[in-house]
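Taking it in order: structure first as structure tokens, then the write-up.
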Amino acid sequence: MAHGRQQDELQDITLLGNQDNTYNFDYRPDVLESFDNKHQGRDYFVKFNCPEFTSLCPITGQPDFATIYISYIPNVKMVESKSLKLYLFSFRNHGDFHEDCMNIIMNDLIELMDPHYIEVWGKFTPRGGISIDPYTNYGRPNSKYEKMAEHRLMNHDLYPEKIDNR
């Protein structure tokens, strides 16, 4: 029989259930929190669908909107979802290109969790008639996950969807 988590396992989780949250409008990677993966002997994906991502164009200051898909195979640590929400919200006034934002997010999550594998895919709404969909991934070096990352990168968008102004 599976048992729930004990209080001592949750002591580093401070945002979930906290009604007194601060919503930062400037980039804040320090808001990310993690917890232990209780299923380390098994490979499995965790996927976050984040349809309300916003950042700013570094040149014009105009807002950019995207749905971000974050998928990872955890190792020892996992990201806590409310902290991820607040972290993504902190990009609201962050001025960077779409490609930079996706790589920053992936790098911050790698630093937090040290996952076996992670991918971050941003599907931005069109501006000027062009949508940009940066995809970035990482697999632990010298492991099957490194090979997996290479394979997924080469095959990630073989059947692109019809763009219908999202």
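Using the three backbone atoms N, Cα and C, a Cβ is placed for every residue, glycine included.
Predicted, not measured: the structure shown is a model, and the values here were computed from it.
Summarising the annotation, Swiss-Prot assigns active site, thioimide intermediate to C57. The active site, proton donor annotation in Swiss-Prot covers D64, and the record cites sequence analysis as its basis. If you look up Swiss-Prot, you'll see V79, E80, S81, H98, E99 marked as substrate binding site, on the strength of sequence analysis.
Location within the structure of each feature annotated in Swiss-Prot.
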| residue | record | Cβ within 10 Å |
| --- | --- | --- |
| C57 | active site, thioimide intermediate | 14 |
| D64 | active site, proton donor | 21 |
| V79 | substrate binding site | 23 |
| E80 | substrate binding site | 21 |
| S81 | substrate binding site | 14 |
| H98 | substrate binding site | 19 |
| E99 | substrate binding site | 14 |
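Between the two most distant C-alpha atoms of the annotated substrate binders (V79, E80, S81, H98, E99) there are 24 Å. Cα-Cα distances to the residue listed as 'active site, proton donor' place none of the binding-site residues V79, E80, S81, E99 within 10 Å. Closest by Cα distance to C57 (active site, thioimide intermediate), from the binding-site residues V79, E80, H98, E99, is H98. In the three-state DSSP scheme, E80 (substrate binding site) falls into the coil class.
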